[in-house]
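Asks: Structure below; questions to follow.
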Amino acid sequence: MPRSFLVKSKKAHTYHQHRFVEDDLPIFTWDPITSAFTAAGDRDKTPEDGKKQDLEWVVPKQEKDSFQPKEESVPVQYLSRMLPGPSAQDMSISGLQVKDCTNPTSMPTFYKTGFSWDAFQLPYSYRQMSSTMQSALLEHPVSLYGSHLLPSAEPPLDYSMRYSSDMETYHCVKCNKVFSTPHGLEVHVRRSHSGTRPFACEVCGKTFGHAVSLEQHTNIHSQERSFECKMCGKTFKRSSTLSTHLLIHSDTRPYPCQYCGKRFHQKSDMKKHTYIHTGEKPHKCQVCGKAFSQSSNLITHSRKHTGFKPFSCELCAKGFQRKVDLRRHRETQHSLK
């Protein structure tokens, strides 16, 4: 091993001391005339000559005899060897400034020179990604409704909607609700505006606007309700419904009306209440054109046109379109509560 790679110490050997980052770097000398590096350290030279030669990469030959403090730039070739990644020319970093490194009394070893390491701590600069790189990153399989990054080239489905290519969203032209997929908008139009509920329960005849809603409803007839309220004994099919029901007993109403301040247990109830202030009636009957603020009122109204009576009295078999009418019939005609 060349002698210039070793740092002598009177207290302990080098393997007993902490190593510095500079210890692992090879020492080179730089000739400002030829702009070339040569390995420092020769077996024939004394330690004093080795120390002087170790400083030759910092102090040019013209100035090392005068020992006048002067700032000098570290050559770009050495900078490119020390910095990983892009070269110094590509990073456009100015030369390192050497400060007060020519005083031989204040310099115990070659790796404790006084030049500034600030330039090595500069972060990399960021540039705009090229169009070629952007197109390469955007290559991926197209999903069912088109890319989630790029708008679909095909025209949107006609569900009385307005399509925004900038945000990949679908707007209902009647109530301005926004949906992320055309399927979601289709279900919304069918439920809220068209009044069409093509999915009917074979047991009780209740209709739904979506197949998933019908599937969840059929579980009521086929399975036992397993979630029971311990305060009133009422049972529910889903735990989420029980959690909403418990708000009634705790009198927790986290959703206030922005117009009158009235509070509600559920956000949907608050939204239905706001239609009283705004006068909005988004649910319209397709037969007679009558509009309603709540979809449940539209469902009940549509039974007048179809003649469907899902609620029947178990004593006289008389049918009713509304549950409240059946309850009133039981109280008045059969004295039941």
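Glycine residues also receive a Cβ, built from the backbone N, Cα and C atoms like all the rest.
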Asks: Pick from 7-29, 30-52, 283-305: which range has zinc finger per Swiss-Prot?
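Replies: My reading of Swiss-Prot: the zinc finger range is 283-305.
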Asks: Match it up for me: which of 135-157, 227-249 does Swiss-Prot list as zinc finger?
Replies: 227-249
Asks: Out of 1-20, 81-100, 201-220, let me know the one Swiss-Prot marks region 'Mediates repression of transcription'.
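Replies: When 1-20, 81-100, 201-220 are checked in Swiss-Prot, region 'Mediates repression of transcription' belongs to 1-20.
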Asks: Which residue counts does DSSP give the zinc finger (199-221) for helix, strand and coil?
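Replies: Counting residues per DSSP class in the zinc finger (199-221), I get 11 helix, 4 strand, 8 coil.
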Asks: With Cβ-Cβ distances below 8 Å as the criterion, list the same-chain residues six or more beyond the ends of the zinc finger (199-221) that contact it, or say none.
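Replies: For the zinc finger (199-221), the list is 187, 190-191, 237, 299, 308, 310.
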Asks: Mind checking which residues of the chain, 6+ beyond the ends of the zinc finger (311-334), have their Cβ under 8 Å from one of its Cβ atoms?
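Replies: Long-range Cβ neighbours of the zinc finger (311-334): 300, 303-304.
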Asks: Cβ under 8 Å, sequence separation of at least 6 from the ends of the zinc finger (255-277): give me the contacting residues as numbers and ranges.
Replies: 244, 247-248, 293-294
